[in-house]
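Enquirer: Copying in the features that Swiss-Prot gives for the protein in this structure:
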- 110, 111, 112, 113, 114, 115, 116: ATP binding site (BINDING)
């Protein structure tokens, strides 16, 4: 009889992806979480995975229990019950570290761009050969016959340390998660420790001098735009249809590629994927063919059009990510006003990066701010308010609420870019409803 996996916190992006993957491999899967809607639960519901409210009644000794990394006995009754009874359980990252040993594994790490790059690598490889994958947008695919496993490696609290992949990409490093990391050097040390566990090939963005300090027992290949790299993206053309470029390895052209994505960061992400697959011996013609059909990942520059109004939803919640997202919007919509609607995520990050957020958001033409979304791990002690950020932004800025997003209507020929890692989608939904009601009233 097949074992049943129970996920404590199944709506988490990594947890939901892992649950879907195990479900597709034929295992019995269930999980528990809060009632509040989260975008990952749609895939779980479509797959028929049972989602329960948190309760000790969900727990029995015969379950294989996987606990989300954020949960502790003092904030989750199920985990408290598991520990009280002495039942065996694994944290998400511990389970994943053991699970991936049955495959040739390809990890994607980095402060920014992990999910998009993991999604692109998984998309290309699964269209060439049977591949399992786990992406941080809540998407997972499991196949018992797969030789390869593509996964996202998260640096927060050094969760990627149980992983020993054959290959890994490191897109960049940056100071983030100030509730855990003490500074950039601490972040670097975490990535350096992870890099030492990579077995066959490490692919690193080559235009960050700090990344050149990373060491690994695996061969290191640098990628980027400059000629000093091993893999170089050249002859770049950025249009409203995406980006075209050639990639050179050791000064020899290995292919011409098109990726239907926007922003310089997505050219770099694609170059990293190309480099990894080239070193693995994958046919570059096949790689080029399947790069063209990549449709993106959830909450990464996700677009919709409502009555000729363009709305973009993006997970960007760090200044570097905001700049990249706004750059992508300008590439695709060069003649439109770029309106940013941003919700800061966590008080600790907002305090630590306040000036950087102001600089990044000033790349938009107009800015609207939502109230700071606090993490369950922290308390609002009044040290920072969203008004503090608004005061530092040089462009026009204003505050909006879920109940009143009408100030957004004060723009013509605009693209609305909603960004954040909290519940910014509630603001987006309110704006969509407002647009729909306006359309009805004018018909």
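From the backbone N, Cα and C atoms, a Cβ is placed for every residue, glycine too.
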Enquirer: Around the Cβ of residue 116 (ATP binding site), how many other Cβ atoms lie within 10 Å? Please give the count over every shown protein chain.
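Expert: The answer is 27 other Cβ atoms.
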Enquirer: Under 8 Å Cβ-Cβ from residue 111 (ATP binding site), six or more apart in the same chain: what's there?
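Expert: In sequence order, 155, 171, 172, 173, 174, 175, 176, 187, 318, 320 meet the Cβ cut-off.
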Enquirer: Ten-angstrom check, please: count other Cβ atoms within 10 Å of the Cβ of residue 115 (ATP binding site), all chains counted.
Expert: 23
Enquirer: On the three-state reduction of DSSP, what should I expect for residue 113 (ATP binding site)?
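Expert: The three-state answer is coil.
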Enquirer: List the other residues in this chain whose Cβ sits within 8 Å of the Cβ centroid of the ATP site residues 110, 111, 112, 113, 114, 115, 116, in sequence order.
Expert: 108, 117, 171, 172, 269, 321
Enquirer: Can you name the residues of this chain that are 6 or more positions from residue 110 (ATP binding site) yet have a C-beta less than 8 Å from its C-beta?
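Expert: In sequence order, the residues whose Cβ lies under 8 Å from that of residue 110 (ATP binding site) (at least 6 apart) are 117, 169, 170, 171, 172, 173, 205.
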